[in-house]
Every structure is written in structure tokens, then in C-alpha cells.
Amino acid sequence: MTRKRLLMGNWKMYKTVAETRRFVEDLQGLTQKTPLPAQVETVICPPFTAIGELVRWVNASSQPIGVGAQNVHFAAQGAFTGEISADMLADLGVKYVLVGHSERRTLFGESDEWVQQKAAAVAAQGMQPVICVGENQDERDAQRTLDVVEHQTLTALNGLAASSRGADVVGTAVIAYEPVWAIGSGRTPAPEEAQAVIGAIRQCVARACGAAAADRIRILYGGSVKPENIASFTLQPDIDGALVGGASLQADSFLAMAQAMAGGDA
Ligand SMILES: O=C[C@H](O)COP(=O)(O)O
């Protein structure tokens, strides 16, 4: 099966509504000359406060960009001060939701079980969960990378596989392999090393959820991706795209990465 390549920007806690507007104006200007390549799906995950602005612009401009969210609570509603539910995000027009980003796991104590419940809540609202997995430096040094990412992946997918549409739902999910030591550090694994881990994740999805789901699920690489190195990762056979933090904040580098993933031809 051919999996459409996916470029996803995670803005983390950057950009006000006014700054989001500036980004879209910049991108609008740039894409008059160089359109976003049709063969790459592009998504931006802004802070919650800018989601409405981005959705309005995408709808008004017909730019081929999806809007994602960076986090969600797994409960449908309730006394959870400060939290946002999956149906609130779906109601805004969100298509993808990151779950289990390493910053959520390490800074906010999110467990594998929470990530599982979040992924299930996202899928239940018809959105696509982007399940983030990755080893930290100590785990890498102890050669535990595959154990860690396989455990994180399987725990998260269990919640999806258990739903009534099981393998179908797994196939439409996205996994983002982000070595924690590579995030924001300027360091990356060799593309072949990222390919080996992502290939192993795909095999583990095949064992747990079947070959069709493994063939369909998109698996991204993330961690210090920029226009200069993105193609070296996305040209690998099992790497279907990239989850990008810092380099997604400027319209010119976002467009350059989409172009690089498309092989330069829009
Ligand atoms: O979600 C994105 C990742 O944490 C990667 O961030 P980065 O591209 O700034 O290294």
C-alpha cells in the first residue's frame, strides 16, 4: 500500500493568535509562488488558543493544511479543571491529536495507560491519534530502545485494537518515533538507525494488530528535523513523514520541508 507522506508541525507553547495570523499570512504569500506539494499531507498543531484561528484560515483559504492539537483529556466531560476533551477538539475542526509526547510524559507525568485512554478517546471522536514514542538517553545507552518503543506502542494501540472497528482504527492512527535525546538538541540518529527502529515498530504492529493495519499505519520520525535533513529520513522505506517542533515555526522552513519531502517538485 502507498502511504501518503505526512509533515506535522508541533508548535508546542509558541505563538499567540496574532503570531499565528502572521504565520498564515507569510505562508499564504509564499505559496502563491510555490504551492504546498499535493503529494505531502501537511498538518499544524498550534496551542489550544490558536486552533480556532488556524481552522478559520484553512477554511477560508482552501490551503491543504490540516489542524491538529497537542494534547487532550481522555474523559468525555467532567470536573477536570484546565483540561480539554476530544469532542471539544473535534467540534473545532481538529483532525489529529498528539498523545504521549515525551514532554507530556516527563514534565506532566503521563503514563502509558493514560496515553492509551487518550488515543482511544481521540479515535472515538473520529480524529486520528498521533501516538508519540521514544527512548531517553539512558535507555538508549542501555540498548533498550526497542523494548521501550515497542512497549509504549503496544500499550497505546491496545485501546484502539479493543474498539469495535479494531484493526481499521489502528490502521488510521499515526505513530511518531521521537528519540527523547534528539528533541530540540540538534542531535539525530542516523537515518538508517531511525529506519531500523521504525521498521521494528511496524513489525510489532503487524504481530499485534495484523499485516493490513501495519501496512496502513503511518510512522513518522521526529527530533531536530529541519529542511536540510528531512529528506534523509523520509526517503527511508518505513518512515512516512516527520513530526517537527522548532523548524515548523517559520512559514518558509515549513514550506521548505514539505518541498523537500516531495522531492522538490510541487
Ligand atoms: O514534536 C516535536 C518534537 O518534539 C521535535 O522537536 P524539534 O523538532 O524541535 O526537535
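Quick reminder: no glycine exception, Cβ is built from N, Cα and C everywhere.
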Discussion item. Quick check: of Ser224, Ser232, which does TrEMBL put in the same substrate site as Asn10, Trp11, Lys12, Gly184, Gly245, Gly246?
Written reply: Ser224
Discussion item. For ligand 1, list the binding-site residues among Trp11, Lys12, Gly245, Gly246 whose CB atom is within a distance below 6 Å of it, in sequence order.
Written reply: Gly245, Gly246
Item to complete: Tell me whether Gly184 (substrate binding site) sits in a helix, a strand or coil according to DSSP.
Response: coil
Discussion item. Between the two most separated Cα atoms in Asn10, Trp11, Lys12, Gly184, Ser224, Gly245, Gly246, the residues recorded as binding substrate, what distance in Å do you get?
Written reply: 14
Worksheet item: List, in sequence order, the same-chain residues at least six positions removed whose CB sits under 8 Å from that of Asn10 (substrate binding site)?
Response: Cys45, Gln70, Leu98, His101, Gly222, Leu243, Val244, Gly245, Ser248
Worksheet entry | Inter-residue Cα distance where the pair is Glu178 (active site, proton acceptor) and Gly246 (substrate binding site), in Å | 14
Discussion item. Can you tell me whether DSSP puts His101 (active site, electrophile) in helix, strand or coil?
Written reply: coil
